[in-house]
């Protein structure tokens, strides 16, 4: 299609690089957080990006926060507290990831999951800003930037393992059934990414966020079915609060945009 890989002004090129780095950084933080925290909790904290995106947009564009935004922010903060369960509030919480993972490492994992949510929120804001300020900057090109940044991160990780940690790989490892299953899962995630892009393009963002929050429920169900980790009541309650914050925010956006559309239509009819 003869798209330019880096188009626009110097500032726009810089923002495209930051957009790619924040996208790759969020994915890396999500993957690292899974080493220390359960999948369902990482997924819940990661999905708070929906609320943080709105909060950052209010700060950047100096918009007046709505009541729904404030309610969603409160529900998200409470949900994060119940999911992370800090020791100074939850003295009797049960360890669900085994004795090998201490509280110190869990906190480190929670910080990375929270960092994933913030970097993802920044990535979404930059993505929308870039494709709206210039017609020459295409979404597919921005996705190519993300894939390139992710590829560089993975290559750097392999170089670090081979030359610093002296990690060796054999053909038996590559030809094992575990490697085949992992590769298949990676290919499936590519399909999921394509479907996500198509959904964002064809559906209302608020509706997409509402339906996407079901990801938290799927993670909870699959974790309790296929792993030994069990989410306690506090974690389940925190996940529910995060889902509720997304629902409140999504419904509020849909109602406001419908009201705005009616006003615009009425003014057009009067003219």
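From the backbone N, Cα and C atoms, a Cβ is placed for every residue, glycine too.
Database features (TrEMBL):
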DOMAIN    14-84  domain 'EamA'
DOMAIN    108-249  domain 'EamA'
TRANSMEM  12-32  transmembrane segment
TRANSMEM  44-61  transmembrane segment
TRANSMEM  68-87  transmembrane segment
TRANSMEM  107-127  transmembrane segment
TRANSMEM  139-160  transmembrane segment
TRANSMEM  175-195  transmembrane segment
TRANSMEM  207-226  transmembrane segment
TRANSMEM  232-255  transmembrane segment
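Most Cβ pairs under 8 Å to the transmembrane segment (107-127), among the stretches 12-32, 68-87, 139-160, 207-226, belong to 12-32. For the transmembrane segment (139-160), the most Cβ-contacting stretch among 12-32, 68-87, 175-195, 207-226 is 12-32 (pairs under 8 Å).
Between the transmembrane segment (44-61) and the transmembrane segment (175-195), the number of CB pairs under 8 angstroms, six or more residues apart, is fewer than three, so the stretches are not in contact. Highest Cβ pair count under 8 Å relative to the transmembrane segment (207-226), across stretches 12-32, 68-87, 175-195, 232-255: 232-255.
Sequence-distant neighbours of the transmembrane segment (12-32) (same chain, 6+ residues past either end, Cβ-Cβ under 8 Å): 6, 42, 46, 109, 112-113, 115-117, 119-120, 122-123, 126-127, 129-130, 133-134, 137, 142, 145-146, 148-150, 152-153.
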